[in-house]
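Structure, as structure tokens:
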Amino acid sequence: MSDESRPSPAGPPSAPAQAPVAAVIPAAGRGVRLGPGAPKALRALNGTPMLIHAVHSLAASRHVSLVVVVAPADGPTEVKSLLDAHALPERTDFVVVPGGESRQESVALGLAAVPPEYGVVLVHDAARPLVPVDTVDAVIEAVRDGAPAVVPALPLADTVKEVEPATEPGAPEPVVATPERARLRAVQTPQGFDRATLVRAHETVTEDVTDDASMVEQLGLPVVTVPGHEEAFKVTRPLDLVLAEAVLARRRLNDGY
Ligand code: CTP
Ligand code: MG
């Protein structure tokens, strides 16, 4: 018996150590917080659409052999031609599907397009275009090692307060608690999953969630963190575009061109 046929460590359902990896990239949001303009994923960063940067970042991992892009509902044709227009690794297959009303719905539509032989599924926001490949690979490795759900996470710089949200914007809000900062983490994407677990989570959890791993938590299964990365930040508000372009400029300098 070769080492590769060893079963994964004991525990909840786990993907085989060499399971093929698919990445689902939800890109169907409008980007309301970024202000008026094209859908966020199609906005340019240093001349290239954010979505293309995100696809490159995931396809940079030699483990990722399928990328499913979840396009704005009216945008799959445009997204397909964008993918055709940019050089992408030949070892990777690409599929484009139309998205839904919520991020959760968009992820479910993308997941439905992943064939069953992909034992590991990553879900990655198009709005995190600059995630380093080492972060992607760390998530994949942890899922292949037997974790049903893995999230990249960073400690917080700010202290966080829980408040009683005001009904009018800008009105003072009573603080109800201050969680201990050292125990808090900000989580990023790609989040990685044993495929069967993520499918079951989407079938079971119907309430709104803001990340995929929380659905797995609701199934009562363990979710673990791996170190996240500053450059995996989410482009949300206009200042984030400035930061993203600065990161790209620094990479160019460091690459020695
Ligand atoms: N997303 C999606 N389908 C939706 C909503 C969001 O695929 N119906 C995607 C976005 O395209 C983005 C990711 O989910 O890549 C994270 O969402 P977020 O950063 O909130 O992006 P938007 O929803 O586009 O931004 P906003 O909330 O400011 O409108
Ligand atoms: Mg949103």
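These residue numbers are counts, starting from 1, taken along the chain as shown.
Glycine residues also receive a Cβ, built from the backbone N, Cα and C atoms like all the rest.
Taking all protein chains in view, 12 other C-beta atoms sit within 10 angstroms of the C-beta of Arg33 (site 'Transition state stabilizer'). The site 'Transition state stabilizer' annotation in TrEMBL covers Arg33 (among others).
Residues or ranges marked as site 'Transition state stabilizer' in TrEMBL: Lys40 (among others). Note: Lys40 (site 'Transition state stabilizer') has non-local neighbours Gly29, Arg30, Gly31, Leu34, Met50, Ala126, Ala127, Val235, i.e. same-chain residues 6+ apart with C-beta under 8 A of its own C-beta.
Per TrEMBL, the feature site 'Positions MEP for the nucleophilic attack' maps to Arg181 (among others). Counting every protein chain shown, 12 other Cβ atoms lie within 10 Å of the Cβ of Arg181 (site 'Positions MEP for the nucleophilic attack').
In the shown protein chains, 14 other C-beta atoms lie within 10 A of the C-beta of Lys234 (site 'Positions MEP for the nucleophilic attack'). According to TrEMBL, the site 'Positions MEP for the nucleophilic attack' annotation covers Lys234 (among others).
For ligand 1, the neighbouring recorded sites among Arg33, Lys40, Arg181 are Arg33, Lys40, by Cβ distance under 6 Å. Taking the C-alpha positions, the distance from Lys234 (site 'Positions MEP for the nucleophilic attack') to Arg181 (site 'Positions MEP for the nucleophilic attack') comes to 21 Å.
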